[in-house]
Amino acid sequence: MCGIWALFGSDDCLSVQCLSAMKIAHRGPDAFRFENVNGYTNCCFGFHRLAVVDQLFGMQPIRLKKYPYLWLCYNGEIYNHKKMQQHFEFEYQTKVDGEIILHLYDKGGIEQTICMLDGVFAFILLDTANKKVFLGRDTYGVRPLFKAMTEDGFLAVCSEAKGLVTLKHSTTPFLKVEPFLPGHYEVLDLKPNGKVASVEMVKYHHCRDEPLHALYDNVEKLFPGFEIETVKNNLRILFNNAVKKRLMTDRRIACLLSGGLDSSLVAATLLKQLKEAQVQYTLQTFAIGMEDSPDLLAARKVANHIGSEHHEVLFNSEEGIQALDEVIFSLETYDITTVRASVGMYLISKYIRKNTDSVVIFSGEGSDELTQGYIYFHKAPSPEKAEEESERLLKELYLFDVLRADRTTAAHGLELRVPFLDHRFSSYYLSLPPEMRIPKNGIEKHLLREAFEDSNLIPKEILWRPKEAFSDGITSVKNSWFKILQEYVEHQVDDTMMANAAQKFPFNTPKTKEGYYYRQIFERHYPGRADWLTHYWMPKWINATDPSARTLTHYKSAAKA
């Protein structure tokens, strides 16, 4: 996890412009560098480093003696870098995982390079010999990337939008900043004056397709066919492998543990893998909640079962509400459910940074989208429609759950790893017949639970624990976080403000007082940038006015039971 930043063709003084790069210093608290590009006085790279792999030679932009014309700035982890190095017999100059990008690019060009990368990444690759700039981002957008480009060819790129919004350019008073699309790469021509021109934008991978790098990995052979036992066995193999490959780090590993199915499976599998790898420290797990929180009780059960060094972080409603401003600034969004769920994750990340030496943090993100874990999937009209919705959610992860997970941890200099979004695991899961993946017997994620039924990885009652809305699980059923927020914003936003909401916020007009309150904070930090969020996250197939599962009938009946 790091912060990357680059400018091409800047008209303004670089030493002034580079102050913008300091806005993402939280992403890399270990080291920092600016570097101008030889021969281009108006092009430069900025890099904030969190040293996770190769403490000695990991600074960026990465440049190798063998390719003096290549410059690489990337944020991410390439899990198969050693495999690729061995297969193609590349001579490495460092131990940095990203070095593989330079060798692969030299060997086969950008398209083959990006399809070979098993991992999460956002990168800027400059080839001064061929006068090209390449931008790329991983399939689900686990690592963030934003860009701004003007008509006259000024290009600015950064891990977070906050590193671009204050940049100056002579031709425009308001620089349009937008997220770079996941699963894409862009090719740009570099002109002699340092400006660029976009040549093409290419979608290189669909989440359903098995990735090209699968040809070279060392996963044991999967069994063909869709017999339930075969599928369960394959899922266990791929999930184990997804966790194992993510152990790649020189820093201490920990895991977020809410006590739900997803984080519990990750924590239990991770602990098993760390033991097998003979890691010398105990796995730390972290849960957050208010007193009486169902999540805290469930997480405690799992931690006792697996034998982790467990930390419980308590917060009260006042601390949660006070964090909202910082959270929205970090997130760069005003989406209601994202903000709600981010508060707990932001506060727990703050605790980890301050009180422990754990830096690489595993979590269960992506599972709900992949395995149809949201409660509204019970209402899907058909397995095919459920499949369609699952793929839509995965495609939009970079606007919602993955955005939340990255920004809340990165705000405190932590690196997040998400095994459920592993290429091999997710493409296999999506290749299964649609009717296998839908909720069964009133239980969502039935297939995933079934796959681990006999593993004794986690307690049975956790394996079959129903979905808890994240913002509710961290509080008590009597006084949920959802309810606390409603009561608070009731006093902050009056009816007149709501009546004028459409005039004040014509785009994505907030329909609730809570939505209005978040939007106000967002506009204060990022005026005129509302279009970063294309739409609010909302459940489908039901008449919902609020994204909280607490408002769904299925949830209410489950709560009474």
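Using N, Cα and C of the backbone, Cβ positions are placed for all residues, glycine too.
Here's what TrEMBL has on this protein:
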type	residues	note
ACT_SITE	Cys2	active site, for GATase activity
BINDING	Asp97	L-glutamine binding site
BINDING	Leu256, Ile288, Ser363, Gly364	ATP binding site
DOMAIN	2-191	domain 'Glutamine amidotransferase type-2'
SITE	Glu365	site 'Important for beta-aspartyl-AMP intermediate formation'
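Projection of TrEMBL feature records onto the structure.
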residue: Cys2; record: active site, for GATase activity; Cβ contacts under 8 Å, 6 or more apart: Arg27, Gly28, Phe47, His48, Arg49, Leu50, Gln60, Asn75, Ser159
residue: Asp97; record: L-glutamine binding site; Cβ contacts under 8 Å, 6 or more apart: Val53, Glu77, Ile78, Tyr79, His81, Gly119, Met248
residue: Leu256; record: ATP binding site; Cβ contacts under 8 Å, 6 or more apart: Ser263, Thr285, Phe286, Ala287, Met345, Ile348, Ile361, Phe362, Ser363, Gly364
residue: Ile288; record: ATP binding site; Cβ contacts under 8 Å, 6 or more apart: Asp295, Leu296, Glu312, Val313, Leu314, Phe315, Gly344, Met345, Leu347, Ile348, Tyr351, Ile474
residue: Glu365; record: site 'Important for beta-aspartyl-AMP intermediate formation'; Cβ contacts under 8 Å, 6 or more apart: Asp262, Asp401, Val402, Ala405, Leu416, Val418, Phe420, Leu421
Take the Cβ of Gly364 (ATP binding site) and count every other Cβ within 10 Å, whichever protein chain it belongs to. 23
Report the mean pLDDT of the predicted model across the domain 'Glutamine amidotransferase type-2' (2-191), rounded to a whole number. 92
